[in-house]
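Supplied in structure tokens, the structure appears directly below.
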Amino acid sequence: MTTNKRDARQQQIAALRALPAEQRQTETEALLAQLRALPEWQAARTIATTISGGFEVDTSGVIAAAVADGKDVVVPKTMPHRQMAFLPFTSREALVKSDFGLLEPPYQPELVNNAPDLVVVPGLAYTRTSRYRLGFGGGYYDRFLAGYHGTTVALALSVQIRPENAWPHDTFDVPLQHIITAK
């Protein structure tokens, strides 16, 4: 069943776009409840997550929960050479649209925090056993995760859990520590 990553990405995007809104909302709420129950979440002082868009798992609840739980939130800013810097999230209004169309914080080097306690890692698909992720193809998270030593968590909607051989895994792919599933 192995397909190349490009085709696997296209299939996953189609599956995510086809997910009914009500099911997406129900699953997202279940994922958030499970995330907040993780001991690593409870112990974390700083949470990193993305500003989701379109067909992605909605991270607005993650941000709201982190703030409600007294945690600092950092979000990624894409940098040259496919690098990322995590910067404090203050409000959606403070974000600016990147060249990729993503909402990101403005770059302030003195505020960079690339060692958050827990990172909610985005992806299109995940494998349950090996805990690999199929990313969006830019390699930003692969580069970041290669040197990250904190807790990694993915929030996976039911259509995002795929068989182990659904796409090829590369030597630079970093398995995640936790994949929280809706079902």
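Positions of Cβ are set from backbone N, Cα and C atoms, glycine also.
Heads up, here are the entries from TrEMBL:
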| type | residues | note |
| --- | --- | --- |
| BINDING | Lys5, Arg6, Asp7, Ala8, Arg9, Arg133, Leu134, Gly135, Phe136, Gly137, Gly138, Gly139, Tyr140, Tyr141 | ATP binding site |
| BINDING | Ile51, Glu56 | substrate binding site |
Greatest CA-CA distance (Å) over the residues Lys5, Arg6, Asp7, Ala8, Arg9, Arg133, Leu134, Gly135, Phe136, Gly137, Gly138, Gly139, Tyr140, Tyr141 that the record ties to ATP?
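Spelled out: the longest distance between any two Cα atoms in Lys5, Arg6, Asp7, Ala8, Arg9, Arg133, Leu134, Gly135, Phe136, Gly137, Gly138, Gly139, Tyr140, Tyr141 is 20 Å.
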Give the sequence-ordered list of residues that share a chain with Arg9 (ATP binding site), lie 6 or more positions from it, and have CB atoms under 8 Å from its CB.
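In sequence order, the residues whose Cβ lies under 8 Å from that of Arg9 (ATP binding site) (at least 6 apart) are Leu124, Leu134, Phe136, Gly137.
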Ten-angstrom check, please: count other Cβ atoms within 10 Å of the Cβ of Phe136 (ATP binding site), all chains counted.
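Total other Cβ atoms inside 10 Å, all chains included: 16.
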Can you check what DSSP calls Glu56 (substrate binding site), collapsed to helix, strand or coil?
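The residue in question, Glu56 (substrate binding site), is coil (DSSP, three-state).
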Between Ile51 (substrate binding site) and Lys5 (ATP binding site), how far is it from one CA atom to the other, in Å?
23
When DSSP states are folded down to helix, strand and coil, where does Tyr140 (ATP binding site) land?
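It is helical.
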Determine, to the nearest whole angstrom, how far the Cα atom of Glu56 (substrate binding site) is from the Cα atom of Gly138 (ATP binding site).
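Just about 16 Å between their Cα atoms.
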Please give me the CB contact count at 10 A for Leu134 (ATP binding site), counting all chains in the structure.
21
